[in-house]
Amino acid sequence: MGCIQSQSREARYANERSNQIDRMLKDSGRESKREAKILLLGGGESGKSTIVKQMKIIHQNGYSQEELLAFKPTILRNISDSVIAIIRGVDGLGLEYGIPDNQIFSQRLLQPKHELDEWLLPENAAYIISIWNDPVCQQVIDAQHPDYYVIDSAPYFFENIQRIAEPGYTPSEQDVLRSRNKTEGMLETWFTMGTLRIHMFDVGGQRSERRKWIHCFENVTSIIFCVALSEYDQTLLEEPTQNRMMESLTLFESVVNSRWFLRTSIILFLNKVDLFREKLPRIPLAKFFAEYTGGSDVNSAAKFILWRFSQTNRANLNIYPHLTQATDTNNIRVVFAAVKVTVLQNALKDNGIL
């Protein structure tokens, strides 16, 4: 299943197969056909936009200084929204701070500022660190209450808050990967993998955005469907009674059995495996999927979720699963070495070469 421990072997095979296809194309004189259209699908916050960012880092020489700075407002907003959600969650859920001073610090952080740069001063950074170190913080996050929602990357930003609060802060590429900005509409990106030209479409994952996918369906070579493994205990922000994993299963079922995709390869990214591994011992998967009996073992849990997704594939399409951590550039580089082979083979079939 593309397990992390087997990725070096997988990458070697993928590179060998890619080189073999390169030679085949050169011999046939049809290198100009090496184009592929990839549709990036999945629910909201499944990691699709992070994958697009990784493609820029890996295949487009990364981000310039100016481009990195453009993410600063988003990062500051992510931090501000997360801190405020936690503070309001402590009050709204009837919880108490374990560190008494945090009651005072929280009130200071709630004081309005005209600019986020004014809000995230070193003094406020110290308040955030204190609140983050308070046991009540994790209680708010684990509550998964839609009114006090905290993004997955909040712990990363809190742990790096002193660096981010420094004068002259410029986001790192890892900061950019962790930043969250809701995708609205459709974003297109072009890049090359070797000599394979890729045209990738990232479409919004929220329910309100999905009707726009229809415009991307024609001549799709492959679909990358992202599901966040760690969302098994979470609900949709737009419909708090609907479990996110169940929503992803329903969405995947509609995609894999669609008449639009009868000739399309489906690449399934079981994403956020790092958060999944950390969450399993605290929040049992069996609490949400009673038929699961594998405890907190991450491989057993991931295989179970893969099985659940495979059960929806009534069209018997080829599904190529990979465990991924979209914020880890090395992981995505290895995974995409295998993805390239899958995409190449499908593109060549469409062009009558294979």
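Residue 1 is the first one shown; counting continues down the chain.
Positions of Cβ are set from backbone N, Cα and C atoms, glycine also.
Counting Cβ atoms from all protein chains shown, L177 (GTP binding site) has 23 others lying within 10 Å of its own Cβ. Annotation comment: TrEMBL describes 45-50, 152-153, 177-183, 202-206, 271-274, A326 as GTP binding site.
Feature annotation from TrEMBL assigns Mg(2+) binding site to S49, T183. Non-local contacts of S49 (GTP binding site) by the CB criterion (under 8 A, 6+ apart in sequence, same chain) comprise N181, T183, L187, D202.
Annotation for N271 (GTP binding site): spatial neighbours S46, G47, C226, V227, A228, L229, T324, Q325, A326, criterion Cβ-Cβ under 8 Å with sequence separation of six or more. In the three-state DSSP scheme, A326 (GTP binding site) falls into the coil class. The least crowded of the binding-site residues V203, A326, judged by other CB atoms within 10 A of its own CB, is V203. Its Cβ taken as reference, T183 (Mg(2+) binding site) is surrounded by 19 other Cβ atoms within 10 Å in the chains shown. A strand conformation is recorded for V203 (GTP binding site) in the three-state DSSP classification.
Within 10 Å of the C-beta of E45 (GTP binding site) we count 26 further C-beta atoms, all protein chains included.
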